[in-house]
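> Take a look at what Swiss-Prot says about it:
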BINDING   R48  NADP(+) binding site
BINDING   R125, S126, S127, N237, A238, G278, K293, P294, T295, S296, S297, R319  FMN binding site
Amino acid sequence: MSGNTFGKIFTVTTCGESHGDSLAAIIDGCPSNIPLCEAYIQLELDRRKPGQSKFTTQRKEPDEVKIISGVFEGKTTGTPIGLIIKNQDQKSKDYSEIKDKFRPGHADYTYFKKYGIRDYRGGGRSSARETAMRVAAGAIAKKILKHYGIEIYGFCSQIGSLKIDFIDKDFINQNPFFIANKNAVPACEDLIHSIRKQGDSIGAEVTVVATGLEAGLGRPVFDRLDASIAYAMMSINAVKAVSIGDGFDCVAQKGSQHRDEITQQQGFLSNHAGGILGGISTGQDIIAKLAFKPTSSILQPGKSIDVQGNDTTVITKGRHDPCVGIRGVPIAEAMLALVLVDELLITRSYRD
């Protein structure tokens, strides 16, 4: 299986399955002398880890990360950084009844058709469990970006049909929904409770923002910065659409509305483009939105086929998120950080 490495200079290779022994990552291309410790990476992992609230999956994984290489006396050495996380709360028996069935809406069918074999326990490699290592690697990328004054934050901007206004950035990490609006918490709670009671799931929109960038990051044509961001975000499990800036809303706009005018004193007067023009950063905030589909692992029966091609019915009884988009916030932040640190190092190599 190829496709397990991300990046050009700052590269991340991950391995591991949902119900395997461990998850691991190798980060190569990280500059030397960057202060780094397990506790720092753990802060990001704790934002993503399952079982933290009644609104997400009840699988309880501590997600304790161990640095096995690339760091000496608290600083990166410039050699590959090895990270490992042990899986501790697998319940593979939850999947024994569907080991020969393809769960509708999951990668079971396509993995089996491509490889002729699949790990049916929690989806194996296709599980969102894999994203723990992305978040760990993203923590390192964030550390480098912070040195250059670049900050990344994300928030849940919509759950189902419930749109959530951005009010208070500081509130994002103070609630289980990663929303920036304290007044919207009761509505989110009611919605998730209702969905879970129905044995169903719901989609979500996540917005991720990068601030403090200089103009000139990224490259034109096939290596456009927005293309790299879209590629990164679409690699996240359950993401079905990505937009930059105003995104699909620009369809209904006129050119006189959408163009971001510039003046000498005020600079850009708007940011409809989401901080990127011609594939290169403008120096404004980079803004991307991700659409997460509702998870297909639900208690309601669904029609499918088994490995022999016979019609069957599937009910997934494992522990699952009623809304996967909620825990998608730190993952989206990590992927944006990985894109930007890679582009930053590429830009520096051009200038050097």
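Placed from the backbone N, Cα and C atoms, the Cβ positions cover glycine too.
Remember, predicted model here, so these are calculated numbers, not experimental data.
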> Could you check the binding-site residues S127, T295, S297 and say which one's CB has the fewest neighbouring CB atoms inside 10 Å?
S127
> For each of the binding-site residues (R48, R125, K293), count the other CB atoms lying within 10 A of its CB, then report the residue with the highest count.
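Of the binding-site residues R48, R125, K293, the highest Cβ count within 10 Å belongs to R48.
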> Report, in whole Å, the straight Cα-to-Cα distance of R48 (NADP(+) binding site) from S297 (FMN binding site).
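S297 (FMN binding site) to R48 (NADP(+) binding site), Cα-Cα distance: 19 Å.
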> Distance between the residue listed as 'NADP(+) binding site' and T295 (FMN binding site) at the Cα atoms, whole Å?
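Per the Cα atoms, the residue listed as 'NADP(+) binding site' and T295 (FMN binding site) stand 17 Å apart.
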> Within 10 Å of the Cβ of A238 (FMN binding site), how many other Cβ atoms can be counted across all chains shown?
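Looking across every protein chain shown, the total is 21.
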> Where does A238 (FMN binding site) sit in DSSP terms: helix, strand, or coil?
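It is coil.
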